[in-house]
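Undergrad: One structure coming up, written as structure tokens, with questions to follow.
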């Protein structure tokens with residue numbers, strides 16, 4: 001909500017660097033926290049600054065990668081936000097058991113500092129309006145024919161600058177997610193879909209450790225290793241989405257090109273004149289076909305995970321269930337974040353809220369219903385969402401045009 005509009009005003013790299021410094025500083029605060037209250041405050045602040053790469057990463061990718069190849073790039077980018085919470089319990093459990101819980105944060109400080117230094121050395125600005133503004137400012141400073149420079153600046157920014165002041169641009173960016181949620185039904189439904197899937201993922205994060213400790217007698221380290229099922233599934237999701245999504249969108253672009261190729265026979269008939277496909281010919285709905293498989297796999301994975309754990313089937317079977325669950329997450333998120341770049345912030349808001357709230361209900365739900373029926377309840381909700389990809393593929397373009405929002 002804050003870092004995205006700031007990156008549009010001052011550039012993406014500056015905001016990344018500031019956020020990285022804040023993240024490391026508050027991680028050090030976590031490692032040195034004298035009380036639980038102090039730890040909670042420092043964890044909150046480290047989370048605020050640590051959210052910057054997650055929320056702005058999609059924007060950086062859209063700056064650099066053309067639409068036909070963006071699926072693979074987004075899938076690769078999503079490895080971090082999804083594998084982090086999966087690998088974290090494995091490494092964290094070992095570090096906490098062998099050293100202490102404070103060393104969990106010191107390890108993060110060391111890794112984050114190294115990566116931040118690498119990013120500081122090699123990163124470059126990618127946001128076009130900021131790059132053009134910097135070029136304009138440099139030309140003005142060089143004092144080369146001010147009249148020509150002013151005209152050149154106007155030409156350079158005419159297609160990208162909305163003519164807003166920094167204050168107006170910032171306020172518009174802050175309000176944009178809420179406008180999308182209120183006035184765009186397709187964005188609202190997509191965000192709820194993704195939010196529920198993310199909420200389920202975080203219910204898994206909170207339930208896997210106690211489940212394998214109580215049902216299968218695992219210790220902390222072995223229970224942490226059970227998260228690898230989600231990790232394997234996430235990697236499968238990356239492989240499937242990156243190959244299937246870009247392959248399908250290239251296929252549709254080629255079909256549009258075949259129908260719109262230049263008239264080679266020279267007969268001059270207007271009805272036969274064809275053109276190469278424009279970017280607009282590549283519809284956002286072309287990203288949705290992989291989601292159909294994922295919408296089915298989500299409830300299947302929940303059923304397997306819940307009932308096999310309920311009856312203490314061999315521990316590998318519930319982990320296989322989490323693998324099926326995990327294979328949905330990456331291309332589900334990628335499908336909808338690519339669906340509309342301006343919906344990234346709204347998506348993050350809904351996803352974060354449901355990802356925070358649903359796990360709070362996970363413990364009481366499992367206590368009341370048990371593992372089998374508790375996960376079945378989640379699966380039945382997921383079953384109700386199965387038709388959504390097909391409906392969007394059929395009516396998505398109509399909804400986008402019917403409820404188009406001006407002045408975003």
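Yeah, the Cβs are placed from backbone N, Cα and C, and that goes for glycine too.
A TrEMBL annotation is a machine prediction, not a hand-curated record.
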Undergrad: Per TrEMBL, which of 180-203, 252-275 is transmembrane segment?
TA: 180-203
Undergrad: Could you name the stretch, out of 72-91, 223-242, 291-309, 373-392, with the greatest number of CB pairs under 8 A to the transmembrane segment (180-203)?
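TA: Most Cβ pairs under 8 Å with the transmembrane segment (180-203) come from 373-392.
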Undergrad: Under 8 Å for C-beta pairs, could you tell me which stretch among 15-42, 103-122, 223-242, 373-392 has the largest tally with the transmembrane segment (291-309)?
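TA: Most Cβ pairs under 8 Å with the transmembrane segment (291-309) come from 373-392.
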